[in-house]
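According to TrEMBL, the feature compositional bias 'Low complexity' maps to 76-91. The annotation region 'Disordered' is assigned in TrEMBL to 57-91. Look at TrEMBL and you will find 313-345 tagged as region 'Leucine repeat II (LRII)'. As annotated by TrEMBL, region 'PFYRE' applies to 354-445. Residues or ranges marked as region 'SAW' in TrEMBL: 448-522. Under the heading motif 'VHIID', TrEMBL lists 264-268.
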Amino acid sequence: MAPVYLSSKFNNGESSLETVNGLDLSPTAMASCRYPFTSLLDKHITSNMIIPFSDRESRDHKRLKRTPSIPDHIESNWSTYSGGSNNNSNSCDGSRISLRKLQFRDHIWTYTQRYLAAEVEVEAEAEEEAAAAAISANSAEEDGIADGMRLVQLLISCAEAVGCRDKSHASALLSELRSNALVFGSSFQRVTSCFVQGLSDRLSLVQLLGTVGFVAPTMNYMDAALDKKEAALHLVYELCPHIQFGHFVANSSILEAFEGKSNVHVVDLGMSLGLSHGHQWRQLIRSLADRPGQPLERLRITTVGLFVEKFQSIGDELEEYAKDLGLTLEFSVVESDLENLRPEDIKRYDGEVLVVNSILQLHRVVKESRGALNSVLQIIHELSPKTLVLVEQDSSHNGPFFLGRFMEALHYYSAIFDSLDAMLPKYDTRRAKMEQFYFAEEIKNIVSCEGPARVERHERLDQWRRRMSRAGFQVAPIKMAAQAKQWLGKNKVCEGYTVVEEKGCLVLGWKSKPIIAISCWKC
């Protein structure tokens, strides 16, 4: 390292601590330094002064912060920084060397303070930039919220216009909504697109006299392309916890009813939505095959529905699956809808324990007159099942007034779309398929249809309690809330889903909004 050459000026033989070589070291001057990273060879430093710094010492800010005794360190190594020259010591007395040390330490102290001041300034600027970014993000979020609120207002205004049969005003609002309700937009834009379809279908049914027709729109739940709807249903089953959670709780309750029994029979209403491969019953069959104790003598599954070929195909697969596990399964199909079901349609054997399973089915026979549902419940009661497992959407979509139904459905499906938003990326086509070919069909049926065409008549758990009680059923408490929560964790269900026990029933919800309710009943 090159030797250090110091040049000093004295005032009457005394050095000034606040002015060294023309450098103003006063607090006022120090506070005004804005660019402390500039070289010391500036207008404040005499041209004949050179301060050697290694690259490490000039850049290592953390070293400077961790070494508050820099001047002492430099003083102790003075001979090193001065090149170890003895000539300088011969030409200068002790007082001169002391002053040189003082000047050098003052300059080091100045440099260090400027360096640290720069750090404070850089941190302050970084904080300002972060604050500005946060403000920008908040502004964008506020803009998104404002757009969402505007969309809500338009949607409700349009529903009011459709409900009042104001065709011109409703058409204008629908046109504006279509331009803002994006299939790949925010969760509320996507759910709005589904409700816009339902409102448009309902508006198309407004006749000249202002009445709403009782026929289903062209794109009705029952008329949707079956292949697309089936594919969407499989995605809902695989990606959403709703149906799988219902299957898990239902099977646990059925196994409890079959405990210690060797002759068992399940009556499935609707064959669990017609899901291929019979997912629910595969799980039950395996559990029955693995259970300890007395082996099964007879296992029967009877399904009720109109899709005989499809159900029988599922039954054939289940029989082969049971055979591989060492069980004999008897599968049969009753070709009938629920409203026309008769007790004698269900073949029974003496000594068998029977359970009835309904996964998102019984709400389809809820009518304004209540007669259809009461008839079905009476038939089930005559079968004397040990357990009736009921899994239903927990929402009030069967109110007498259109606007009330609309608002309830909007709240319910907004929660579902919000959960899909948390589970899948924005442009995931699987999410679009679930929303447009499954949930949208439910929404359109709720919003656009009346009379027999409206089959999506979801009701709240309290209403189901009243209906079941009037039909002669008593609640059989489900005591497995802890296991249900463990199931959520084991299956890595998206954070935000919750399970609560409500008067002996289990409710799966999304951020406190009930989605699916599971209850068990006995005669």
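The backbone N, Cα and C atoms fix where each Cβ goes, glycine too.
In terms of DSSP helix, strand and coil, the region 'SAW' (448-522) has 24 helix, 26 strand, 25 coil. In terms of DSSP helix, strand and coil, the region 'PFYRE' (354-445) has 55 helix, 14 strand, 23 coil.
With DSSP classes pooled into helix, strand and coil, the tally for the region 'Leucine repeat II (LRII)' (313-345) is 18 helix, 7 strand, 8 coil. According to DSSP, the motif 'VHIID' (264-268) comprises 0 helix, 5 strand, 0 coil. The average pLDDT computed for the motif 'VHIID' (264-268) is 97.
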